[in-house]
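Student: For reference, the structure I am asking about is given below.
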Amino acid sequence: MHSLLDVILTTDFAFSVLRVMTPILFAALGALISNRAGIINIGLEGIMLVSALTGVVVSAYTHSAWVGLLAAAMGGTLIAGILAFFTLQFKTHIILGGIAINLFASGGTVFILYLLSGDKGSSTSLPSKVLPSIDIPLIKDIPVLGPILSGHHVLTYAAILAVFVVYYLLNKTPLGLRIRSVGENPHAAQSVGVSVMKTQYIALLLSGFFAGLGGAYMSMGYLSMFSRDMTAGRGWIALAAEAMGRGTTLGTSLTSLLFGAADALSNALQVLKIPAELIGTVPYIATLVGLVVYAINETRRKNNKKLKSKSQPSAK
Amino acid sequence: MFRTSAVILIALIVAFLIISLVSSQPWHTIQIFMFEPVSSKAHIGNVIEMAIPLMFSGLALSLLFKANLFNLGAEGIFYFSGVVAASIAIHAQLGNWLHPAVAVLAGGLVGALLSAIPGILKAKWNASELVTSLMFNSILFGVGLYLLNYKLRDAKAFATVSYKFQPTAILDKLVPGTRIHTGLIVVLVCIVAVHFFLYKTKWGYELRMTGINRNFAEYSGIKTAKVIILVHLIAGFIAGMGGSIEVLGMYNRFQWTALPGYGFDGALVAMLAKNKPFAVIGGAFFLAYIRIGADQMARMSDVPSEMIAIIQAVIILLISAEQFLKFFKNRMLLREAAKDA
C-alpha cells in the first residue's frame, strides 16, 4: 500500500521536480522579460515547439548537440523576432499575433518534420543528439542532497543560472531599467528619451531566446527526440507562473518550481491510482485562485485610494 | 474589404509558393488544393460540415472581440459541452427530436455558466480574461477527459471513445449523401439572432459602446460590468451549443482526446469577419474550404495537410496588422517626398 508521503518524500521525486521544472522555468523567465516591457507574449508555446524541432534537426545534420542547442535558441529568437516585427511595426494585436505563432508552430513543425523524416508523429528516424547530464564533483557525494542536486541535465543548471541572470538584467542594468520603465508607463519612458519600440523589440527577442532554450531541453534532454505538440501546454503554464509570480523574478521562479512539483506529482500519483487527468489540472486551478486573490486585493487597494482622495478635500 | 481580399490573395500566393517548393508536380497539386473541395457533392458536403462548428466559434468570438474582450475560452467550452451533450445522448431516454434538443441546450447552458466565471472575474475585479480563460481551457479539458475515461468510456472499443449514443440523440441529416446535419439551421438562426441583438437592441448598443471604450461607456451610464457578464453568458452559450452540435451531428461516440482547436479557429474566423455576425458565414466557409482543399491535397499528392497551419498564421498576422497597407503607403510617400526634395 503506497501512501502519498511515500511517493513525495524520496530523492527521486525531488530530482524529478527539478527535471520537470526546467522547461517551465525557461519559458516563464521569457514571459517575465516581455511582460515587464508591457508586451504579453502568448506565443511562447509555439516558440518552444519550433525550437524543439530546430534542435533535433540541426543536431542530426551537424552531428553536434551543441550546434543544435545554438540553433534552437536562435530559432526561438527568430520566431519572436517575427512576432515583434508584426506587432511593433505593423501593429498586429499582440494576442492575435501570439495565436498566429502557436497555430503556425503546431502545424508547421509537423509539416517540416514530415518533409524531413517522412513521419508525422516523431523524429525517431533522425539521428539527433542529446545534451549531456552533469555530475557535480563535491555535491554528488553529500547524502540526500547529492542525488537531488547532482546528475541533472546541463540545461537544468542553465535554467537555474538563468534566474540569476534575469534578476541581474532586470534590476541592475540600464537595459533592465528601460524595460521596466517602458512596461510601467511607455509615455513617460518615451518623454525621457527611451525608445519604446527598441526596448520592446529587445524584450521580445530575449523572451524568444529563453523559450527557445526551454524547447531545446524538451527534445534534447527531457526526451531524446521531437514529437508532435510535445510542449503540451508548458508555454501556457509558464504564462501562468509569471502571472502568479506577480512579475518578479523570485516569484516567477518559485511558482515555476511549484508547477514543476505539481507536474511531477501528477506523474508520481499515477501509482496511487488517482486519475492523472484531474491531477494535471492542479497547476491551472492554483493559478486561477492566485490570480483572483491578487485581482481582488488590487481592486480593494484602488477603491481605498479613491475613498481617501474623496475624503481629503472635505478634511481641508 | 479591400484589405481582407489583399490578405487572402497573399495567403494563397504563399500557399502556392510552398506547394511549388515541396511538391514534385506543383501545378497538379495546386489544382487539387483549389478545386477538389467543389469537385463532388460529398466534398461540398465536407466543406459545409466543417463550416458549422467554425461558424459557432466564430460567432462566439466575434461577440467577445466586439466587446473588446480577449477571452479564448471557447476552446475548453467546446470540449466540455461536448462531453455534457454526449453523456445525455448516452444515458437519457427521450423522444426523437426532444433528445438532441435537450442535449444541445444542456451543453449550451453549461457553456454559458462556465463562460460566465471569467466574465464575472473580469467585471468585478478586472482579472485578465485572457489568462483566466486559458486556465479554464486546461481545467475543462482535464475534467472532461477524466469523465470520458472513467465514466463514459466503452471498454469494449479499442480506442479511447465513449459508449455509442442512442440513435434518438443523433442529429438528423439534411442532405442525403452528405453528413450535413440540422446544426446548420441552428447556427444560421443564431447568426441572425446575434445580428439583431447587436444592432437593433439597447443591450447590443451597450455592448458595442463598452467595446469601444469601457470608461466612456461607464460614465455615460452603461453598467459595463453587467454588459461584460452578459457577453460572456451569450458567447459561452453559443460555444457550448457548437460543441454539443458538433459531437451529436458528426459522430456516434464521443471521441475527442485532445482539445479540438475550434476556439482558436474561431478567433481566426472572427478576424476574417471583422466581428460582424453575417460575415462570420463567409469567414467560416473560407477557412473550411481551404482546410478541405488541404485534406484532399494530402490524400492525393505529396504535400501534407499541415501546410494549412502556415497559411492560417499568415492570414492572422496580416489581417490584424492595422498598419499593414499603411506601412507600405507611408514608405512610398516618404520615397516620393525624398525624390521631390
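Each Cβ is built from the backbone N, Cα and C atoms, and glycine gets one as well.
Curation plays no part in TrEMBL annotations; they are all automatic predictions.
Values in this document were obtained by computation on a predicted structure and should not be read as measured data.
Here's the feature list from TrEMBL:
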| type | residues | note |
| --- | --- | --- |
| TRANSMEM | B:48-65 | transmembrane segment |
| TRANSMEM | B:77-94 | transmembrane segment |
| TRANSMEM | B:100-121 | transmembrane segment |
| TRANSMEM | B:130-148 | transmembrane segment |
| TRANSMEM | B:180-199 | transmembrane segment |
| TRANSMEM | B:227-248 | transmembrane segment |
| TRANSMEM | B:306-325 | transmembrane segment |
Student: At an 8 Å Cβ cut-off, counting only pairs 6 or more apart in sequence, do the transmembrane segment (B:100-121) and the transmembrane segment (B:227-248) clear the bar of 3 or more pairs?
Tutor: yes
Student: So, does the transmembrane segment (B:130-148) come close enough to the transmembrane segment (B:227-248) to give 3+ Cβ pairs below 8 Å, pairs being at least 6 apart in sequence?
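Tutor: Not in contact, no.
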Student: Top stretch among B:77-94, B:130-148, B:180-199, B:306-325 for CB pairs under 8 A with the transmembrane segment (B:48-65)?
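Tutor: Looking only at B:77-94, B:130-148, B:180-199, B:306-325, the most contacts with the transmembrane segment (B:48-65) come from B:180-199.
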Student: How about long-range neighbours of the transmembrane segment (B:130-148): same chain, 6 or more residues beyond its ends, C-beta under 8 Å?
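Tutor: Distant contacts of the transmembrane segment (B:130-148): 70-73, 75-77, 79-80, 82-83, 87, 114, 117-118, 121-122, 160, 162, 254, 256-257, 259, 263.
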